[in-house]
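**Student:** Just dropping this structure here.
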Ligand SMILES: Cc1cc2nc3c(=O)[nH]c(=O)nc-3n(C[C@H](O)[C@H](O)[C@H](O)COP(=O)(O)O)c2cc1C
Ligand SMILES: O=C(O)C(=O)c1ccccc1
């Protein structure tokens, strides 16, 4: 087994193992990919304050997210068609998260169903909901998530239509995928992935089986999303869904202080400051740059989480020190899954945990709860350079 010391190692193995179509799908941002790039490059602009001669024994990364104990405040983000990166990828990622003591979020767009994941794990996971036009179908999904004892509903608000991702169109990514000669030639070189995929329990969208009907062009992911998702989604509907669910609600995809205030008003338990990993509105602020104004607006009244661009434990530390109470990783765990299945997700979590712990020690801190702005050196123009 290769020696893996960082997330980039897993990314390289992922790219080698998984068909181009699915690697590109995971890696892509929308349009020019500016927001996607800045999600990571803006983390680099923040520097850390080194402190010395502080007793660094007894360190712990443990904390809580929405009242649930976590071994570190890093949840697995909902990622669509995770099961195409590795057979039964959602089940494997959920189990890795459970063993590590961090939350797993199952996407509506998963290959494994809610029931598949519930049957494979013993702790409650979180379910991510996309609001679709078919309200009966949404009600059934909510009931299934309740039956599976999911402990939070994560409602994603930033994808009622799909941002354009050039590579997905060129690669013919759709349901089912368009098998061009180029795609076939590439698939032929990914035989290890193919052989393993034949053992999958599920080979179709587990949560949305039977829901892909009456679409004018089912061969395009964006046409499918545009025709299935509810474009009339508004705060009143979000309040209704919250009522129907009756449990904890996390609103994901908030990037503006005004929207954060609306989330507070509908009574969400937490929000996720997120631009969908730079896959939706290209040109939007990076998540880490959007975070301070949102914390200022609602940070003392609601739990604020963030995702986007986290590729290391140092990034996690920066987000927490900035004031986020929790973080999520998307691609960082997908690289691990694509590279080595469950073991790879575990490795991604281990890498991030180690980096977080070491960085904490070198910053003179022993508890994640003690992290704060005092640990960071933030350039003067980092905030407030873009005024509405
Ligand atoms: C391949 C891929 C698929 C995604 N699918 C979903 C999804 O189904 N639902 C959702 O709410 N977010 C989805 N996201 C967004 C992630 O939940 C998360 O916001 C993002 O990946 C964070 O950025 P990062 O990848 O830089 O960590 C997806 C992201 C990626 C990369
Ligand atoms: O790719 C995504 O980011 C995503 O959330 C999605 C949306 C529709 C279908 C599959 C995935």
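Here, residue 1 is simply the first one shown, and the rest follow in order.
Note that Cβ sites are derived from N, Cα and C of the backbone, with glycine treated the same way.
Annotations in TrEMBL come from automatic prediction, not curation.
According to TrEMBL, the domain 'FMN hydroxy acid dehydrogenase' annotation covers 1-381. Residues or ranges marked as glyoxylate binding site in TrEMBL: 25, 165, 276, 279. Per TrEMBL, the feature FMN binding site maps to 78-80, 107, 128, 130, 156, 252, 274, 307-311, 330-331. Summarising the annotation, TrEMBL assigns active site, proton acceptor to 276.
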**Student:** Taking the Cβ of each of the binding-site residues and counting other Cβ atoms inside 10 Å, which one has the highest number: 128, 274?
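**Tutor:** Of 128, 274, the one with the most crowded Cβ is 274.
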**Student:** Output, ordered by sequence, the same-chain residues six or more apart from residue 80 (FMN binding site) with a CB under 8 Å from its CB, or 'none'.
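**Tutor:** 107, 108, 109, 110 - these are the non-local Cβ neighbours of residue 80 (FMN binding site), listed in sequence order.
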**Student:** For the recorded glyoxylate site formed by 25, 165, 276, 279, name the remaining residues of the chain with Cβ within 8 Å of the site's Cβ center, in chain order.
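**Tutor:** Filtered neighbour residues, in order: 28, 29, 30, 162, 163, 168, 277, 278, 280.
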**Student:** What whole-number Å value do you get for the CA-CA distance of residue 308 (FMN binding site) and residue 276 (glyoxylate binding site)?
**Tutor:** 7
**Student:** What is the pLDDT of the domain 'FMN hydroxy acid dehydrogenase' (1-381) when averaged and given as a whole number?
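**Tutor:** The answer is 95, the mean pLDDT of the model over that range.
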**Student:** Go through the binding-site residues 80, 128, 279, 310 and pull out the ones with a Cβ less than 6 angstroms from some atom of ligand 2.
**Tutor:** 80, 279
**Student:** Need the DSSP three-state call for residue 279 (glyoxylate binding site) to compare against my parser.
**Tutor:** coil
**Student:** Given the glyoxylate binding site residues 25, 165, 276, 279 in the record, what is the largest Cα to Cα distance, rounded to whole Å?
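**Tutor:** The two farthest binding residues have Cα atoms 13 Å apart.
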**Student:** When you rank 25, 165, 276, 279 by Cα distance to residue 78 (FMN binding site), which of the binding-site residues ends up on top as the closest?
**Tutor:** 276
**Student:** Here are the binding-site residues: 78, 156, 279, 310. Which has the lowest count of other Cβ atoms within 10 Å?
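**Tutor:** Taking 78, 156, 279, 310 as the binding-site residues, the minimal 10 Å Cβ count falls on 156.
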**Student:** Can you tell me how far the Cα of residue 279 (glyoxylate binding site) sits from the Cα of residue 128 (FMN binding site), in Å?
**Tutor:** 17
**Student:** Taking each of the binding-site residues 308, 330 in turn and counting other Cβ atoms within 10 Å of its Cβ, which one has the fewest?
**Tutor:** 330
**Student:** Under a three-state reading of DSSP, tell me whether residue 310 (FMN binding site) is helix, strand or coil.
**Tutor:** coil
**Student:** Through the lens of DSSP with three states only, how would you label residue 25 (glyoxylate binding site)?
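**Tutor:** In the DSSP reduction, residue 25 (glyoxylate binding site) maps to helix.
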